[in-house]
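Features reported for this protein in TrEMBL:
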- 55, 79, 84: substrate binding site (BINDING)
- 157: active site (ACT_SITE)
- 260: active site (ACT_SITE)
Ligand code: BG6
C-alpha cells in the first residue's frame, strides 16, 4: 500500500523501496529512506508525543523565524511559530506510476485559541510531500483566505543525517551575504561552507537554486533544488549548544547538519486573497 495512515503519522512507500514518514504533529517529515538508508536526522531524544516540536526531520517554520521582534505582531509567538507545534490534517493521498503523494493541511480553525488570538489571521497552509524513487519534494503553499494582509516567515527546516559534520560542506552559497547569529556579524561567504564549530547563519538573496552537501571523505551526499525560496539557514549546534538541549544527544551534532530553505531575512507580505508557494526537491549525489 503506497500510503499507510496511522493515528499519528502517514507512511509513504514507493514501489522502488523508498519511503518517508510524516507526523501529523507539525506535519514533520521524520524519515526519508532510499536504498534502505536513512537520509534525515531524527534525534534519539526527539519527543514524538506532540508535547514539543520534533527535534529533527523537517519541522515547518511558520509564521515567524526564531523569536519575533516587537513591535511586529509575531513577537508574542513561540520560537519558529506555531506550525511545527500544531496538529495538521491529512487532506489527500494519491499515487501514480512515478510518485506517492500526501497532502497535509493547517488553517486558523486548527490552531489553538491562544495562537489564534496572538495571530488573528485567516490562513490555510497546504504541505505536499511527493516521494519518487530517488527524490522527495516538499512544497508549502500559504493562502491568505481572510480580508487582512499578513506577514510571514517560513522555512523547511531540514535536518540531514550525515556521516560526519566536520567532513561535509555546503556547496552553492559562495558569494552570498549572510548574518552570522553566533558571531553577531554580517559577512560574505567565500567558497563552500564547512562546519568546524557552532554554525548558525542566515544566507539571504541566494545566487543559486541548487545546493549540495557532499560527504567529502566518502561517496555520496544530498542535493537540494529550491523553487520560490530565497534564503537558506545553515545550522549545527556543536558541543555547547548540544549539551544545552534536552531533546538532543550530546554527541549527535556530529551526525547532522541543517540546511533550511525558506524566506526568513524579510517577511513575506501576503495580501488578502493571495497565495504563495515554495518548495524543495531533495535528491542524492
Ligand atoms: C535554526 C536557528 O533555524 O533553528 C537557530 O537559526 C536555532 O538559531 C535552531 O537554534 C533550532 O531551533 P529550535 O527552536 O528548534 O531549538
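Cβ from N, Cα, C; glycine included.
Annotation note: residue 260 (active site) sits in a strand segment as assigned by DSSP. There are 13 other CB atoms within 10 A of the CB of residue 79 (substrate binding site), with all protein chains counted.
Of all Cβ atoms in the protein chains displayed, 23 besides its own lie within 10 Å of the Cβ of residue 55 (substrate binding site).
Rounded to a whole value, the Cα-Cα separation of residue 55 (substrate binding site) and residue 157 (active site) is 10 Å.
Other than the site residues 55, 79, 84, same-chain residues with C-beta atoms no more than 8 angstroms from the centre of those residues' C-beta atoms, the substrate site, are 52, 53, 54, 59, 80, 85, 157.
Residue 84 (substrate binding site) and residue 157 (active site) have their C-alpha atoms 10 Å apart, to the nearest angstrom. In this structure, residue 79 (substrate binding site) belongs to neither helix nor strand by DSSP; it is coil.
Among the binding-site residues listed (55, 79, 84), 79 have a CB atom closer than 6 Å to some atom of ligand 1, in sequence order. Long-range Cβ neighbours of residue 157 (active site) (same chain, at least 6 residues apart, Cβ-Cβ under 8 Å): 58, 59, 60, 61, 80, 84, 233, 258, 260, 262. In the three-state DSSP classification, residue 84 (substrate binding site) falls within a helix.
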